[in-house]
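For reference, the structure is listed below as structure tokens.
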Amino acid sequence: MKARVLAKTWLTHLAVERGLSANTLSNYRRDVERYCDWLEAAGLDDIRDITTAHVESYVKDLRRGIDGQQALSASSAGRALIVARGLHKFALMEGEVAADVAADVSPPAMGRHLPDTLSINEVALLIDAIPHSDIATPVDLRDRALVELLYGTGARISEAIGLAVDDVSEMPEVLRITGKGSKQRIVPFGSMAQQAVREYLVRARPALSKGKSHALFLNQRGGPLSRQSAWAVLKKTVERAGLDKDISPHTLRHSFATHLLEGGADVRVVQELLGHSSVTTTQIYTHITADSLREVWRGAHPRA
């Protein structure tokens, strides 16, 4: 069977049988199409003709850059390999091949990359840069509610914009957030985030709403706020705050986790709040706090 035909069947399987989110499916589709393009350029149309050496060459080409395209980082090439592995595993499961040629291909070596975070003062500067008094516009109040919720709950941007009005209408002390793979988790809904969301619901959302969407966060046309628009909100807020940092919505999630650990929270509690399936993913934040402690020690200890 042609690899591209099998890839389409596999994506359908992921959508129907695995229930992957639209965003995750979009990422898988992009990566598997890139893999199929590479295979066809190498004269490997049939899934049965591919060997382990071919998969290894694909990963190396990703790191070098394919056909003048920008080279991928080790982590991005590793994710692309995961998709290629998934396709070959599916080929074996469907009886199209006798062996999984990608199973033993190693991902590119990665150095430890610590996520960017904000200090507690920088978070305060970011939030306070958004007007919230009587001069605040409906968009200002929406933006403040979004940023407060992202930092206050550690939600991913896709999770935050996926919230409905009914999820927060009674201002519960905890929020039920739907994450990757439609998995739900419970996170505390703190007083500052509640206050910002309440003010948005009372003073701003009715002005934005055209009565056609149940989404919590709306754009100026009354539709659900998109991921791209949410990124733009944060970029505008960073400029207002005068912060000379490259800050994304995920930076607030990283900061949420780091500040919890610095405050003494158990790493497994933080794992649950973030919705990580493995504590190993969460433990990267313990490296951040350890690095911070070392910097304080170097500056303060007489024997440093």
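Cβ atoms are placed via backbone N, Cα and C, with glycine included.
What Swiss-Prot annotates here:
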DOMAIN    1-92  domain 'Core-binding (CB)'
DOMAIN    113-298  domain 'Tyr recombinase'
ACT_SITE  ARG156  active site
ACT_SITE  LYS180  active site
ACT_SITE  HIS250  active site
ACT_SITE  ARG253  active site
ACT_SITE  HIS276  active site
ACT_SITE  TYR285  active site, O-(3'-phospho-DNA)-tyrosine intermediate
Top Cα neighbour of ARG253 (active site) in the set of active-site residues ARG156, LYS180, HIS276: ARG156
Residue pair ARG156 (active site), LYS180 (active site) - Cα distance, angstrom, rounded: 10
The domain 'Core-binding (CB)' (1-92): DSSP-derived helix, strand, coil residue counts: 69 helix, 2 strand, 21 coil
Spatial separation of HIS276 (active site) from HIS250 (active site) - C-alpha basis, Å: 14
Euclidean distance between Cα atoms of HIS276 (active site) and LYS180 (active site), Å: 9
Structural state of LYS180 (active site), classified by DSSP into three states: helix
Mean of the pLDDT scores, which run from 0 to 100, over the domain 'Core-binding (CB)' (1-92): 92
Cβ neighbour count (within 10 Å, all chains shown) around HIS250 (active site): 14
